[in-house]
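Below are the structure tokens for one structure; questions will follow.
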Amino acid sequence: MPAIVLLGAQWGDEGKGKATDLLAERIDYCVRFNGGNNAGHTIVIDGETYAMHLLPSGVLTPGVVPVIGNGVVIDLGVLFDEIDLLTARGIDTSRLVVSANAHVITAYHRVIDKVTERFLGKARIGTTGRGIGPAYADKMSRVGVRVQDLFDEKILRQKIEGALDQKNQLLVKVYNRRAIDPTAVADELLGYADRLRPMVADTAALLNDALDHHKTVLLEAGQGTLLDVDHGTYPFVTSSNATAGGACTGSGIGPTRIDRVIAVAKAYTTRVGSGPFPTELHDGEGEKLRRIGAEFGVTTGRPRRCGWYDAVAVRYAMRINGVTDVVLTKLDVLSHFERIPVCVAYRLPDGRTVEEMPMTQTELHHVEPVYEELPGWQEDLSAARSLEDLPKNAQRYVEFLQELAGVPFSVIGVGPGRDQTIQLKALV
């Protein structure tokens, strides 16, 4: 059986958790391959809401093996808090497998993330302050702490002492903060070792062996394409690859083993943190989208910036990821609008109109959206289970977005519940 990639086509928060849940009964393994607890996903099952940050969505489905891949950076305190919360609600988390090569977020990563963001002032990126960026920076600088290091105390202490030799100089002399005690950091991590050990494995070998035995593996991205460190709106991005290429490097599964790439897109657009957002609404309609769509971050609780659907950005995500199927979510939120503009192009400062993402950051920051306006429907969609059940104007809206994306829409979300979906085509 194949590997399937599921990712976001916008700036994250597209509803990937619900899409994973729809697939869960047809998959055997569910893998997080990037990011850390800066990403959040919410799933509603039988009226129960589950909000998670590190654990793969598949943990909620009996029989599915949830895997945290080597591309993830793990805050072990957050991981075990999530496990304990789910266990208290009757969810079996004993199947969880964690890559020995995943990197670990330490206390000094969190401190550096917060003080750096404050130091930047108005130029700040808008990070969650959870140490994600500094942990990835250490990974690339080859001074990071990996999960496997927790089982070799000597190596762990050497790595932490070496890292803090430099970081404490920065904290004390530049940021006017106190130095961090390497012994305390190491002791904290070693305190997790015994509980963590039974979960740890060579996940690349595990997943490739599963594919060899005709199992289905779902590779689940955190964040979204436009937050990808290489292909997103840099520098206002996350620190990992949230695109299809990241699924390979973050899991150890080769590209020829991937059969489908499913992108999730909201029927409008949201963004958290700083950075360009061409269709952002600064008026009552933006606030209305935020209120009706409950657009507040799962991880931070911050209100999300809201705007109309950006077909230019979504089409870019289709190309970057080689998308085969689209899941459109939150169509029901738009039921409260008489008219619904869709961004079909950008107008550059020099007056040119383009239908592709501008090459430079400067151009993107100064584009104006070119809208085509469609009539709304103002009817409840939550009971719709086929395209024909939708009002004509809602059908027209979906068909227009599909035409602009150039990729078939396989699922349409018409509410937060697992059953509030229209399945146009099987995803697996």
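Note: Cβ is positioned from N, Cα and C throughout, glycine not excepted.
Pasting the feature list from Swiss-Prot:
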type	residues	note
ACT_SITE	D13	active site, proton acceptor
ACT_SITE	H41	active site, proton donor
BINDING	12-18, 40-42, R304, 330-332, 413-415	GTP binding site
BINDING	D13, G40	Mg(2+) binding site
BINDING	D13, E14, G15, K16, N38, A39, G40, H41, T128, R142, Q223, T238, R302	IMP binding site
BINDING	V298, T299, T300, G301, R302, P303, R304	substrate binding site
Of the binding-site residues G12, G40, T42, which one sits closest to G301 (substrate binding site) when you measure Cα to Cα?
G40
List only the single closest residue to D13 (active site, proton acceptor), chosen from the binding-site residues Q223, P303, L331 by CA-CA distance.
Q223
Could you find out if DSSP has P303 (substrate binding site) as helix, strand or coil?
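SS state of P303 (substrate binding site) = strand.
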What subset of the binding-site residues G12, T42, P303, R304, L331, V414 lies within 10 angstroms of Q223 (IMP binding site) at the C-alpha level?
G12
Name the residues of the same chain, 6+ apart in sequence, whose Cβ is under 8 Å from the Cβ of R304 (substrate binding site)?
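Sequence-distant Cβ neighbours: D13, T270, R271, V272, R290, E295, F296, G297.
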Counting other Cβ atoms within 10 Å of each Cβ, which of the binding-site residues G12, G40, G301 scores lowest?
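Comparing Cβ neighbour counts within 10 Å for the binding-site residues G12, G40, G301 gives G301.
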Whole-number Å distance between the CA of N38 (IMP binding site) and the CA of P303 (substrate binding site)?
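Between the alpha carbons of N38 (IMP binding site) and P303 (substrate binding site) there are 15 Å.
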Around the C-beta of N38 (IMP binding site), how many further C-beta atoms are within 10 angstroms, looking at every protein chain?
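Neighbour count, Cβ to Cβ under the 10 Å cut-off: 30.
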Which residues in the same chain, at least 6 apart in sequence, have a Cβ under 8 Å from the Cβ of V414 (GTP binding site)?
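The answer is L331, D332, L381, S382, A384, L390, Q420, T421, I422.
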Looking at the binding-site residues K18, R302, which one has the fewest other Cβ atoms within 10 Å of its own Cβ?
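Least crowded of the binding-site residues K18, R302, by Cβ count within 10 Å, is R302.
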Among the binding-site residues listed here (G40, R302, P303), which has the Cα closest to the Cα of G15 (GTP binding site)?
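The answer is G40.
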Can you check what DSSP calls K18 (GTP binding site), collapsed to helix, strand or coil?
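Note: K18 (GTP binding site) is helical by DSSP.
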If you skip the near sequence neighbours and keep only those at least six away, which residues in the chain come within under 8 angstroms of P303 (substrate binding site), Cβ to Cβ?
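Sequence-distant Cβ neighbours: R290, E295, F296, G297.
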Return the member of G12, K18, R302 nearest to G40 (Mg(2+) binding site) in space, with distance defined Cα to Cα and candidates limited to these binding-site residues.
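Among G12, K18, R302, G12.
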